[in-house]
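S.K.: These came from TrEMBL, pasted as-is:
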type: TRANSMEM; residues: 12-28; note: transmembrane segment
type: TRANSMEM; residues: 58-77; note: transmembrane segment
type: TRANSMEM; residues: 84-105; note: transmembrane segment
type: TRANSMEM; residues: 111-131; note: transmembrane segment
type: TRANSMEM; residues: 143-164; note: transmembrane segment
type: TRANSMEM; residues: 170-192; note: transmembrane segment
type: REGION; residues: 229-249; note: region 'Disordered'
type: COMPBIAS; residues: 233-249; note: compositional bias 'Low complexity'
type: TRANSMEM; residues: 274-297; note: transmembrane segment
type: TRANSMEM; residues: 309-331; note: transmembrane segment
type: TRANSMEM; residues: 343-362; note: transmembrane segment
type: TRANSMEM; residues: 374-392; note: transmembrane segment
type: TRANSMEM; residues: 399-423; note: transmembrane segment
type: TRANSMEM; residues: 435-458; note: transmembrane segment
Amino acid sequence: MDCWKGAICSSWIYPTLIICVNGFFSTMRPSESFLTPYLTGPDKNLTVEQVTNQIFPVWTYSYLALLVPVFLITDYVRYKPILLLQGISFIVTWLLLLFAHGLVAMQVMEFFYGMVTATEVAYYAYIYSVVSTDHYQRVTSYCRSITLVAATLAAVLGQLLVSLADVSYFHLNAITLASVSLAFACSFLLPMPQKSMFFHRKDVSETLPQPGEVVAGLSSNTSLSCQEDNDCAAADTGPTPAQQAQQPEPQHHVLRVLVQLGKDLRDCYSSRKLLYWSLWWALATAGFNQVVNYIQVLWDFRAPSHSSAVYNGAVEAVATFLGSATSMAVGYVKVNWDLSGELALGIFSAMDAGSLFLMYFIDNIWACYAGYLAFKACYMLLITIATFQIAVNLSMERYALMFGLNNFIALVIQTILTVVAVDSKGLGLDIVTQFLIYGSYFSVIAGIFLIRSIFMLVSRKCNRKTVRFWKEPQNLTEHESKEQTVTGCVTQL
């Protein structure tokens with residue numbers, strides 16, 4: 001029996017299977033596409049203004065407050081406890097959605113959902129701590145694919161149940177509660193990792209994964225990873241006395257790790273290329289999260305759910321599919337991203353801005369649906385390119401740092417947008433005017449990168465002309481000198 005347990009535990013198949021099952025059930029949330037109609041309907045009886053200006057902003061604030069401490073604690077406690085915390089947060093969130101009532105209760109619900117999103121870092125980071133580098137590409141594709149499949153199935157299932165079976169939003173949330181509870185149960189079956197990326201890493205003398213391996217293992221803007229695998233059969237054995245004697249004191253070790261993190265971040269952002277890609281990542285992700293967070297409110301305003309058919313699930317399913325397709329297409333497009341990357345950022349950001357303006361100026365709900373599909377597809381295309389461009393130049397650890405800091409900066413920007421435009425203590429703008437702000441925001445992003453890319457192209461062209469100008473006279477002088485030498489020799493003869 002012990003041999004069987006050891007064989008399963010040391011294999012990459014077992015933890016990959018369990019984490020994929022966990023990812024499937026935690027993403028299988030058919031009620032999520034209908035959150036706004038549920039909150040503003042007879043079940044909760046909240047107004048659109050309360051949902052927009054007082055409830056949804058709590059998610060942004062709690063996510064911002066929890067992201068950095070959770071990121072560090074996740075690595076320190078080696079992932080599995082955070083996956084369990086995420087499962088508990090999921091269950092509390094949907095229990096509140098089902099049985100709690102009132103504005104304050106829904107604000108508490110949003111706080112726990114902020115905990116859910118802050119702990120998502122553990123999902124991808126876990127699997128790289130229990131499998132070897134040889135399997136990074138395969139397990140990444142499995143983990144990423146299963147969440148995309150689950151998100152698509154959840155949206156389709158929710159739409160079919162609402163449109164064809166006339167299932168209430170309350171029962172959709174009950175199905176979601178059952179699904180996330182299964183995900184929580186799966187978390188207990190995961191083996192406990194013996195290493196992590198920063199606080200429990202192997203000796204620095206060991207070989208880090210090469211940049212090519214990093215790119216192969218990064219199919220999304222949310223994946224983190226670690227170094228090579230230890231046999232998880234050693235989970236029951238602690239460090240030897242010799243190893244304990246060599247280990248530094250916890251306080252000094254933590255301080256040394258934090259200092260090293262600061263140095264790594266400084267080195268990462270000293271590259272101008274990485275700095276500009278990270279700038280776009282932070283700016284665009286802030287706007288994207290804001291749009292996704294409030295798009296259902298706009299749809300409900302254009303076509304009120306109490307008097308119109310709701311197709312939120314179908315639209316989300318198509319949007320997820322298009323996002324996956326555009327992300328996959330990047331791997332088959334042969335483009336010099338060093339030369340054309342920032343131009344692509346400018347052009348597709350302009351398309352995002354156009355999609356948001358379409359949703360603002362046209363009252364038709366189908367125009368809003370179409371604008372959202374185009375918006376999400378363009379963003380997923382660009383974030384895949386940005387992920388690749390950043391990851392190809394970094395080790396796994398440094399990519400994880402930039403990933404975390406870029407998303408933290410994005411969350412800070414999103415919080416500023418929320419405080420100024422959405423929160424009732426700020427301007428408290430109506431949902432339509434908010435999308436005018438978001439369209440203008442993406443227009444500014446597009447303008448920044450279009451101007452910079454044009455400047456770079458013109459500058460490169462001028463440099464080429466300058467080089468040719470200086471080379472041609474030099475060649476002409478050498479030619480004339482050779483002619484004079486030959487003429488002198490002929491005269492002497």
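Glycine is treated like the rest: Cβ placed from N, Cα and C.
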S.K.: Restricting to the same chain and to residues at least six past its boundaries, which positions have a Cβ under 8 Å from a Cβ of the transmembrane segment (435-458)?
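M.R.: Long-range Cβ neighbours of the transmembrane segment (435-458): 276, 280, 283-284, 287, 290-291, 294, 298, 340, 342-343, 345-347, 349-350, 352-354, 356-357, 359-360, 417, 421, 429.
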S.K.: Among 309-331, 343-362, 374-392, which stretch has the most Cβ pairs under 8 Å to the transmembrane segment (143-164)?
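M.R.: Stretch with the highest Cβ contact count: 309-331.
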S.K.: How about the transmembrane segment (12-28) and the transmembrane segment (111-131): do they have 3 or more C-beta pairs under 8 A, pairs 6 or more apart in sequence?
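M.R.: Contact criterion met.
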